[in-house]
Amino acid sequence: MLYVVGLGLGDEKDITVNGLEAVKRCDKVYLEAYTSILGVPKDRLEALYGREVTVADRQFVEQGIDGMLNEALEMDVAFLVVGDAFAATTHSDLVLRARGLGCKVKHIYNASIMNAVAGCGLQLYRFGQAVSIVFFTQTWRPDSFYDRIKENAALGLHTLLLLDIRVKEPSVEALCRGKNEYEPPRFMSCATCARQLMEVEELRGEGVYGPDSMCVAVARMGQDDEVIKSCTLKEMCNVDVGGPLHSMVLVGDTHPLEDDMLLMHRAKESDFLPDDEVPSQYLEDL
């Protein structure tokens, strides 16, 4: 049996009771560390679960998963995912492959950023399509997200922006040499996201959003030090909400109750960095 277990967003204690009971029954436990990261080290999971936890990085998830699936044909295996497993298509593929091998699969759901973002005060049923924002480089500035935001804006809907996470990414030099060498981890900030959005709007010029568009930064949702700050998109270019992980919302049409929540979370002067302290939005400069 393969148990696909959502861990929630905070720490090792956010696992559900059903999830914890399943993990304790398993012979092997893997922690997916590609699509997101947990706010605590894996030894704290091991202490609570009473099981050794093997970290499954990007290479393992995308290329070496067959070994884990073969184990699940013979024993109980837990695959742990930060948030909820089905917020990422990678894990749908995993389930399909497991079923194709004749492996039984049990899903145990949990909270993810897809629903926890409602903590900022914007109502979930007023959200449209979520989009991913990746780091720009000097030669690559993908802007397909702009059209999705445009569609949401036409309907007055909020847009959840999922910001880039680069963990154990091979460097170009390593790829050319065929070596297993990796770049340091990088996590996009809301300030970087805002600057990239402004750059794309300037290039596209369709008025989908602008400097005065309201947006919300959410950082480390579900953790003890979570931060929620609302401000304009121009102000967001200098906002400082601390360490990862960050997500952002471009605000659509609002209900008065949402307006009150945005006002409650309004960023203060102390939440902004001077221009000369804001990191470059380009991946090469980080």
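Count begins at 1; order follows the chain as displayed.
Using N, Cα and C of the backbone, Cβ positions are placed for all residues, glycine too.
As written in TrEMBL, here are the features:
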type: DOMAIN; residues: 1-236; note: domain 'Tetrapyrrole methylase'
type: BINDING; residues: Leu9, Asp84, Ala87, Ser112, Ile113, Leu163, Met221, His246; note: S-adenosyl-L-methionine binding site
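Per-residue confidence over the domain 'Tetrapyrrole methylase' (1-236) averages out at a pLDDT of 90. Applying an 8 A CB threshold to same-chain residues 6+ apart, the list for His246 (S-adenosyl-L-methionine binding site) reads Leu163, Phe187, Met188, Ser189, Cys190, Cys193, Ala217, Val218, Ala219.
Maximum intra-site Cα distance, S-adenosyl-L-methionine binding residues Leu9, Asp84, Ala87, Ser112, Ile113, Leu163, Met221, His246: 17 Å. Residue environment of Ser112 (S-adenosyl-L-methionine binding site) contains 23 other Cβ atoms, counted within 10 Å of its Cβ in all protein chains.
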